[in-house]
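Undergrad: Here it is, the structure in full.
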Amino acid sequence: MAMTDILSAKDIEAALTSCQAADSFNYKSFFSKVGLKGKSTDQVKKIFGILDQDKSGFIEEDELQLFLQNFSSTARALTAAETKAFMAAGDTDGDGKIGVDGKFFNVVFSKFWFLQICIFRLKVNLQH
């Protein structure tokens, strides 16, 4: 699966253009520009699967540093400072990893959206 199966090529290009310079990456701005905030839970999970290069179920620092290259092979790597800031936003328990359930959604969506996802999952679990 490719990012363009879920996100528009035009949005990806615009998001990458906005952070071409070193230390210009802002994950909130990037997610908004690339159109990720408007996607469903399943679509976000699919994108997480692309970002999780080693298929461990987590995005580790080395994968996060190459985050932009998942959107375009010609994109730059994140700087050490950008990688650390991005990791700090998603790694709420300090284990050095971002998981799809919770931490990744916390980074992608505002707290309001994250709360809505949690409520939805609770309702689904209660139905089963």
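Every residue, even glycine, has its Cβ placed from backbone N, Cα and C.
In case it's useful when we look at the structure, here is the feature table from TrEMBL:
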BINDING   ASP52, ASP54, SER56, PHE58, GLU63  Ca(2+) 1 binding site
BINDING   ASP91, ASP93, ASP95, LYS97  Ca(2+) 2 binding site
DOMAIN    39-74  domain 'EF-hand'
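Quick one: how deep are these features, and who are their neighbours?
TA: With a cut-off of 8 Å between CB atoms and residues at least 6 apart in sequence, the same chain places PHE58, ILE59, GLU63, VAL100 near ASP52 (Ca(2+) 1 binding site), listed in sequence order.
Residue density at ASP91 (Ca(2+) 2 binding site): 22 other Cβ atoms are found within 10 A of its Cβ, drawing on all protein chains shown.
Through the fold, the domain 'EF-hand' (39-74) approaches residues 1-3, 5-7, 12-13, 15-16, 19, 25, 80, 83, 86-87, 90, 96-100, 104-105, 108, 117, 120 of its own chain, all at least 6 residues removed from its boundaries and within a Cβ separation under 8 Å.
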Undergrad: Across the domain 'EF-hand' (39-74), what are the DSSP residue counts per state (helix, strand, coil)?
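TA: Once the DSSP states are binned, the domain 'EF-hand' (39-74) shows 20 helix, 3 strand, 13 coil.
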Undergrad: Give me the Cα-Cα distance between SER56 (Ca(2+) 1 binding site) and ASP93 (Ca(2+) 2 binding site), rounded to a whole Å.
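TA: Cα-Cα distance, SER56 (Ca(2+) 1 binding site) to ASP93 (Ca(2+) 2 binding site): 17 Å.
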Undergrad: What is the total of other Cβ atoms whose distance to the Cβ of GLU63 (Ca(2+) 1 binding site) is within 10 Å?
TA: 18
Undergrad: Within 8 Å of the Cβ centroid of the Ca(2+) 1 site residues ASP52, ASP54, SER56, PHE58, GLU63, which other residues of the same chain have their Cβ?
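TA: So the extra residues in range turn out to be LEU51, GLN53, LYS55, GLY57, ILE59, GLU60, LYS97.
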